[in-house]
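Data first, discussion second: the structure below is written as structure tokens.
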Amino acid sequence: MNLKLEQSTINNQQSKIQISGSKSESNRILLLQAFYPKIEIENLSNSDDSQVMSEALTTSSHIIDVHHAGTAMRFLTAYFSIQNGREVVLTGSDRMKERPIKILVDALRTLGADIRYMESEGFPPLKINGKSLTQNKVTLKANVSSQYISALLLIAPKLENGLELTLEGKITSVPYIHMTLSLLKEVGIETSFIENIIKVSPKSSISNQKLIIESDWSSSSYFYSILALSEVGTKITLSSYKEHSLQGDSVLAKIYQQFGVTTTFFNNRIKIQKRANINQKTFIEIDLSNAPDIAQTIAVTCFALGLECYLKGLHTLKIKETNRLLALKIEIEKLGGEVSITEDSLSLKASKVIKSQVAIDTYNDHRMAMAFAPLALRTSLIINAAEVVSKSYPGFWTDLKNIGFQISE
Ligand SMILES: O=C(O)C1=C[C@@H](OP(=O)(O)O)[C@@H](O)[C@H](O)C1
Ligand SMILES: C=C(OP(=O)(O)O)C(=O)O
């Protein structure tokens with residue numbers, strides 16, 4: 001489904017949006033719920049990735065396909081490694097078969113897991129023979145993906161002696177590790193994270209409890225971008241959010257102040273408002289190693305505002321749903337921008353033109369579709385394969401229509 005977005009403006013009257021639960025928190029809590037059925041969940045993510053996670057944890061199938069869901073692939077690799085006596089094949093989309101998993105598999109093997117590669121060494125699909133793991137200490141590289149670390153931490157309380165992880169190298173996407181530890185703590189599991197050593201104590205059962213998932217901050221990023229491109233005075237209310245979030249992407253509230261957008265927290269909601277236009281000479285420089293999922297949103301905001309920017313700490317972007325650095329360069333250049341990329345950064349020149357009627361390719365990446373959509377406040381454009389958004393935000397196009405975007409097939 002290719003969608004045509006006509007040049008639009010925001011309707012200030014209708015701008016209240018309910019965003020569903022964080023997919024990162026949801027996929028962690030679903031796994032914990034499989035271990036501890038006394039957990040009740042509220043505001044679970046309606047994303048495809050959480051749907052996939054939930055089904056994988058309840059099916060008795062031998063072959064489990066997680067499609068494009070990175071967290072599901074990594075968390076379930078750890079989960080099935082400790083399902084004593086069960087054998088599963090864990091597979092995914094063609095892209096998933098290119099997303100590395102060796103660091104996690106090596107760590108699980110050190111703990112005693114029986115995991116075999118079925119196609120290429122170091123990549124899914126995997127054949128996993130569940131066992132009781134006996135070891136409790138492992139060292140792993142922490143500079144490629146934090147998901148490997150979270151996967152190990154999530155199974156840690158179910159290991160006989162808990163787990164001690166030693167992290168090597170510069171730790172990437174750190175807030176996601178803290179999110180995992182905070183959720184373990186919330187259900188009553190003891191953890192510590194001192195320098196580069198994380199310890200988790202074993203816990204066989206927990207008491208009844210309800211976990212309320214905060215809405216997804218990464219999904220809110222597209223509204224921050226929309227506000228940054230809107231007239232001064234425009235506002236949108238999003239729910240349900242907390243001032244002290246477990247999600248690193250909540251740094252958006254601070255980042256978008258640079259684009260003249262302010263955030264006010266009230267009654268589990270945020271009001272985001274465009275307060276001032278930004279000076280065209282502003283140079284934006286941001287390190288996103290703690291918040292990689294909002295890089296595409298910010299790059300497109302800068303392009304649309306005609307700002308020069310330098311985004312760094314982007315070393316994980318090339319192993320996500322697509323090579324996001326390359327995809328950003330190609331698509332922004334189609335629109336008339338000038339982008340250069342390195343292994344871990346993106347530089348955008350200030351640009352005065354935005355070509356109209358350009359068809360944006362989305363590369364099976366939800367965030368490509370959603371990051372480029374706010375450009376409809378400047379010009380008309382087409383988003384190819386727009387259904388990709390369902391990976392994290394199935395209601396995205398409906399929500400945009402409700403705030404005034406003119407969208408047709
Ligand atoms: O643990 C998580 O929920 C996630 C961690 C991040 O991945 P990396 O640690 O691979 O950067 C992030 O990009 C992803 O969308 C979700
Ligand atoms: C990178 C992402 O997800 P995952 O790694 O879980 O596929 C994302 O949602 O941007």
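Just so it is clear, glycine is given a Cβ too, placed from its N, Cα and C backbone atoms.
With LYS23, GLY70, ARG99, ARG324, ARG367, LYS391 listed by TrEMBL as binding phosphoenolpyruvate, the candidate from GLN51, GLN135, GLN147, GLN280 annotated for that site turns out to be GLN147. A count of other CB atoms within 10 A of each Cβ picks out ARG28 as the most crowded of the binding-site residues ARG28, LYS320, LYS391. Distance noted between the C-alpha atoms of ARG324 (phosphoenolpyruvate binding site) and LYS23 (3-phosphoshikimate binding site) is 19 Å. For GLN147 (phosphoenolpyruvate binding site), the same-chain residues lying six or more positions away in sequence with a CB closer than 8 A to its CB are GLY70, THR71, ARG74, PHE75, LEU104, SER173, TYR176. If you measure from the Cα atom of ARG99 (phosphoenolpyruvate binding site) to that of LYS320 (3-phosphoshikimate binding site), you get 7 Å. Among the binding-site residues listed (ARG28, SER146, SER173, ARG324), SER146, SER173 have a CB atom closer than 6 Å to some atom of ligand 1, in sequence order.
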